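Have a look at the structure below, then the notes.
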Amino acid sequence: MHYPLSLALAFLPFGIQAQQTLWGQCGGQGYSGATSCVAGATCATVNEYYAQCTPAAGTSSATTLKTTTSSTTAAVTTTTTTQSPTGSASPTTTASASGNPFSGYQLYVNPYYSSEVASLAIPSLTGSLSSLQAAATAAAKVPSFVWLDTAAKVPTMGDYLADIQSQNAAGANPPIAGQFVVYDLPDRDCAALASNGEYSIADNGVEHYKSYIDSIREILVQYSDVHTLLVIEPDSLANLVTNLNVAKCANAESAYLECTNYALTQLNLPNVAMYLDAGHAGWLGWPANQQPAADLFASVYKNASSPAAVRGLATNVANYNAWTISSCPSYTQGNSVCDEQQYINAIAPLLQAQGFDAHFIVDTGRNGKQPTGQQAWGDWCNVINTGFGERPTTDTGDALVDAFVWVKPGGESDGTSDSSATRYDAHCGYSDALQPAPEAGTWFQAYFVQLLTNANPAF
């Protein structure tokens, strides 16, 4: 999976040696290349695996990326008449009782992503790219989910919910809702390498994860008057459907189920609506995978005592599939269920038959250009010929789908193309992956430019 940049950048001086280009790697565990940057760039430590050359002028403060545009919000379009029943706008109403939990709210604009665009992207849009500055500014204002991909990021949830609470108290109309991704399972990303997490099952990872969830719950209880939308553990359950032949996934199965159960039961709060990640059409939409996937999702839901706050499933997270497409691209390899609408309408009845009346959200953050440049449907890393997609809205035209959302912040890398890196995944070196690419979660300027250029609708 693919996860966002660390909370802030720490700037470290290095000795005089060969210089790395802007956005290139300049440090990290196991790295042996150039450790200084060209003029106008500064080497910024992102995490233990990666340091990146970023524009010096836009990153002089280690707190810039955390604080810029923290009060910005954007409304969610709610003009459709084909939705699930619209419920009360009260942030303390249980999601399952109030219908579509997105209706009647505007979504909080991810302040960290907004400041990445302002501090990293826009200063580099010069010369022939200067015409994209207005589009970049607009993209920064589109609400996207905040990823809680390490325990260290959990306190920022409190900062953001406090800001939302303050704006709502000041009369925000419609009231603002927060959006977060819960993403820190032990032995995370078990079928890939690019987004390995901080916890290991062998090193008390399950207990560490439960503490992580406890911290999130504490914040949600503290801000019980703020309506909060959660996506739960991208890729995790989908890996248990198709990848148990991978030793790491087989070994992680019981821990994934225990941890997911803990998350669903502990975060089952009146001000919360949760969506379990459900892969995408190119993963679980295959006819042979639909019933096993439905069986697993229904089992997880029922084993958690059918939590009222679990509204349904999230699809296409960090992926590229069309919501609907008239002709299946060649890379869908003969599967007639080749878009997210078909996938959702195929799996929903299978869930309903087992007592899980699931509704859905779809990540449209990077699916604006169709077909994409994928050579194979399973190619997921920094895929070429992609663009920003439909803006967040409840106007989906399908009663099963609560909203189109931007879960993956567009412009943050899916994984490094450096084959010598500790977390290198071969998918990031494929011919349909934009290269050279930095580590997962770090800013990838060329990819952001691609998304802007191919945005549909355009900014």
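Positions of Cβ are set from backbone N, Cα and C atoms, glycine also.
Over in Swiss-Prot, the protein carries these features:
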type	residues	note
ACT_SITE	ASP235	active site, proton donor
ACT_SITE	ASP414	active site, nucleophile
DISULFID	CYS26-CYS43	disulfide bond
DISULFID	CYS37-CYS53	disulfide bond
DISULFID	CYS190-CYS249	disulfide bond
DISULFID	CYS381-CYS428	disulfide bond
REGION	95-459	region 'Catalytic'
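Proximity to CYS190 (disulfide bond), judged by a C-alpha distance within 10 Å, picks out ASP235 from the recorded positions CYS26, CYS37, ASP235, CYS381, CYS428. The Cα atom of CYS26 (disulfide bond) lies nearest to that of ASP414, taking the recorded positions ASP235, CYS249, ASP414 as the candidates. Taking the Cα of ASP414 (active site, nucleophile) as the reference point, the closest of the disulfide-bonded residues CYS37, CYS43, CYS381, CYS428 is CYS381. Of CYS37, CYS43, ASP235, CYS249, all annotated as recorded positions, the residue with the shortest Cα distance to CYS381 (disulfide bond) is ASP235.
In this structure the C-alpha atoms belonging to CYS43 (disulfide bond) and CYS37 (disulfide bond) are separated by 6 Å. For ASP235 (active site, proton donor) paired with CYS249 (disulfide bond), the C-alpha to C-alpha distance reads 11 Å. There are 24 other Cβ atoms within 10 Å of the Cβ belonging to CYS381 (disulfide bond).
Ranking the disulfide-bonded residues CYS26, CYS37, CYS43, CYS190, CYS428 by the number of CB atoms within 10 A of their own CB puts CYS428 at the top. Under the three-state DSSP scheme, the residue listed as 'active site, nucleophile' falls in the coil class.
Long-range C-beta contacts of CYS249 (disulfide bond), restricted to its own chain and to partners at least six residues apart, with a cutoff below 8 Å, comprise CYS190, ALA191, ASN239, LEU240, ASN243.
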